[in-house]
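Annotated in TrEMBL:
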type	residues	note
DOMAIN	B:20-249	domain 'MacB-like periplasmic core'
DOMAIN	B:302-418	domain 'ABC3 transporter permease C-terminal'
DOMAIN	B:439-609	domain 'MacB-like periplasmic core'
DOMAIN	B:698-808	domain 'ABC3 transporter permease C-terminal'
TRANSMEM	B:21-43	transmembrane segment
TRANSMEM	B:296-318	transmembrane segment
TRANSMEM	B:351-370	transmembrane segment
TRANSMEM	B:390-414	transmembrane segment
TRANSMEM	B:439-459	transmembrane segment
TRANSMEM	B:692-714	transmembrane segment
TRANSMEM	B:744-763	transmembrane segment
TRANSMEM	B:775-796	transmembrane segment
Amino acid sequence: MTNTLLSLNEATRTVNSGSNKVTLLDNIDLQVKEGEFISLMGPSGSGKSTLLNCIGMLDSFTDGGYTFLGEPVHSMKEKNRSKLYKEYIGFVFQAYHLIDELNVWENIETPLLYKNVKSSERKAMVADMLDRFNIVGKKDLFPQQLSGGQQQLVGIARALIGQPKLILADEPTGNLNSKQSTEIMELFSQLNKEGVTIIQATHSEKNASYGSRIINLLDGKIVSE
Amino acid sequence: MIKNYFKIAWRNIMKHKVFSLINVIGLTIGLSASFVIGLMIYYDYTFDTFHKDGDRIYRVVTDFHSPQGNFNNPGVTLALEEAIKENSNFDVVSGFYQERPAKVENKAIDKVVKWPNFVIFTDANYFKIFDYKFLAGDKTNILSQPNNVVLTEKRAAEYFPNTAPNEIIGKTLVYNDSLNVTVTGVVENFKERTDFVFEEFISHPTVLQTRLREDFLNKEWANTNSSAQLLVKVSSSADLVAIQNRFDALAKEHEDEDSKKYGLTQKFVLQPLSDIHFNEAYGIYDWSKGQASRSLLTNLALVALFLLLLGCINFINLNTAQASQRAKEIGIRKTLGSSRKQLIGQFMGETFLLVVISALLSFLLSRWLINVFSDFVPEGLSFDLFKAPIIIIGIAVLLLVVTFLSGFYPAMVLSKFNAVSVLKNHLTVGDKKVKLRKFLTVFQFSIAQIFIIGTLLVGKQINFLLNKDMGFKTDAVVSVYNPRGEGEISKKEIYAEKLKAIPAIKDISLGGHAPASMSSNSSSISYVDDNNEVNTDLQFLFGDANYANLFQLEILAGRGIRNDSVKELVINETCRKKLGFTSPEEAIGKTVLMSDENIPIVGVMSDFHQRSLRSDIKPMAWRGDWYRARFSQFQAVHVSFQNNAEGNLKETLSKIESAYKTVYTDVDDYRVEFLDENIEKFYNREKRISKLLNWATGLSILISCLGLLGLVIYTTNRRVKEIGVRKVLGASLLQINTLLCKEFLVLVAVAFIIASPIAWYGIDSWLQDFAFKTSISFWVFLISGSAMIFFALLVISVKTLQAANANPVNSLRSE
């Protein structure tokens, strides 16, 4: 459990807002080892989501180094980067972000389509996942027909289907009530025990405590670990 | 993956039913028009393409140039065939002569066929140029002897019903009561589309036993008859320039004195086989078919293209406008690992699905459209043509092109969204895209506007043509033509006498054609003044003394014709001016030289339109029936009705017909023409254009308005909150509606400004074909602009009124 999954070296992200240059992330240094469960904490606008997006390669750092599994992401081409995150990273969102036009089965199946998994294999994998999350009975329902907790379960199932090494969760329980929150956090810790690295952003002390490591952000800087 | 795309595409289509419907309607209209018009183009361009070495087959035609103008004749002088026969540039030279026998008899079964069409005199060379399949008879030595005939299968079945081709060989047919001809071959009719529709091939030497004997014995270079046709097949190494030089030399060599004097030259020209179907200057053999027109096909293709473009534009507009609704899905797919290429693929797939749905609908529609456009669609065109491989490939390509045109840009826009901003609801639709949509909407409405202005102005011109005073009486006049080939005057006079007994008839006149007709008879005349000579072409109007009275032609000076057989002329004003007389009175008593005879001018009549208003008024003279003894030029009895006879017109007409039957007992060739209907027929082409424009206008307005509706629905939905707030602040229904309509009406107005000059230019150049034209009035533009704004306002208001009427509480609560 000592392999380094990713490391950030003076990673910075600035954007231009009008004529002002705004620094969203300021010289972040961070090492994440495989099997860690990290909670990012901080007030709104402190840069939690931005950091997650950048780690997830949806955004990119404007300065500094980012190495993922020994590969320098900052100097990679878009195509290779996409290949990398397709392979190793899964996302879970606060607003679930399921595709409204697809039912549960199809939502979970979608990442596999982009990884060009064969049809028979896909079926087995999705069935497996539905089984594991106890949502077999809901496989034909559409997102609007599910409760928030159920939608987030589907969201997590979808993130896991590609067997990622890293799950990035941006306030995964932000829209859920406390009972559902607890269930989801229990699930995360279970997954972590199975070897999945998780980085979550959260406001809640309680949720943060599920993590093995808590990082506090303020104004784009790491203020304490 | 593909299955997944189609699934989501289908669900999206169903979710946005209104938008999908607008897209499908737009594309269906465009595609249907393209299908039908594509079929027509395919149909017309596949005539006579099946002949072996078709690119080496030509028809030799004659172009005449003279100071009066140029004339084209599809025939050539009979003498030309002899002169080029030995030329090594030609593999085969085959002349044939079209001649319609009055009747053909199969005496064995007493079968008589009158006026069979598509009969030619020709020789074996014809069958060397065109490869007919012989069902019976020997192809070698065919038609070398006199009194032989080859029939097509179809014609053979008519003369010899229920007889096998082999049994027909050796049987005899009697032509025009006197000519005994033996059938020596039966050929299969061409299965493919062809303009060579001949059914009966009589051996060339037989022509010497007919009325044409003299023409063929003394082949004159100066004599050109359109029935005398000449086909050639040039050798594969032929030098076309050398052939033309040879033709020119022959024409020069045989130029006669008269031609030199009057500046008349003839030029022999090779007309490619592929040109025959289209070239109206030379015509085709089956007149009833109506000739294909390249310009009509081009115009139709343009209409189809515009309709298709309008459909594509709707698609682009609606899809980019809707983009934000799809944004979330795009963002999620991107985070799940979709590449931009895959997203583009997905959206193109969706577009393709819509296009395919539209295409299927279009197939159904085409069937119906072929009927609606029967004026344009050639008779033989059927739905089965869709089975032709090239059509299928063409349609596949068309569908892909349409998919690309309409789908590519929206796909690019949609797939460009940044996943992070989309998922965080930071999406802003850029100004640029709004501008593009505005541009496209303006484009659509410009096209619709051009069509509206065009329709109104073409309609105005047609109205002008039909209502313009022709200069003579056109209503309540009918002309009854005597049987074809009747050269005697006596029966016509008896008939006219009988008609006088009908009380509803006001006036009767024996004559040639009515003052305005499609046919003309002319000759060149000259007038020698003290010091100079004027030559002109003069058209003739044949009529008895009552002709001017019946048609109410105005005599300006002198008098009308007094007697049918006295050689005298009544000229029109144009002729009077051409000959250089300063006043009508001055012309009276002068003589003009016509075929070496001095003919006196006894009267001058006012000008009237002799043809459609496309052409100018030409020099014309009214004359009698001078050569009655040989062949009477009076081919018709013109009748005008009493003013109060309108009511029982039908009864009068049946009386006229029964009188005809009592005079012409042995023939069945009753032809009656109404003068006003005939004049209307001059403008059939204009009416067809008008009909086409009406459709194009209606459809382009429909598509454009649908597109506008889509945009309005989208924009209004986005502004629901604003509308709610404004209402709460006290805005009235009208104020809100004005606010919402304003930005769209500006687009329509801009379209009007762009469309007006283009439409003006187009109509102005169309009107150049007419010698007499209506004015391009300002009010037409005003009306069409108002009409467009009216339509747009109607469409916009449907949605904006609904939005403005909505209870603000609902729209504000949802936020």
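Every residue gets a Cβ built from N, Cα and C, even glycine.
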Stretch with greatest number of CB pairs under 8 Å, the transmembrane segment (B:439-459) reference, B:390-414, B:692-714, B:744-763 candidates: B:744-763
Contact between the transmembrane segment (B:390-414) and the transmembrane segment (B:21-43) (at least 3 Cβ pairs under 8 Å, separation 6+): yes
Maximum Cβ pairs under 8 Å to the transmembrane segment (B:21-43) - stretch from the list B:296-318, B:351-370, B:744-763, B:775-796: B:296-318
Stretch contact, the transmembrane segment (B:296-318) with the transmembrane segment (B:692-714), Cβ-Cβ under 8 Å, 3+ pairs: yes
Integer mean pLDDT for the domain 'MacB-like periplasmic core' (B:439-609): 87
Counts of helix, strand and coil residues, the domain 'ABC3 transporter permease C-terminal' (B:698-808), according to DSSP: 94 helix, 0 strand, 17 coil
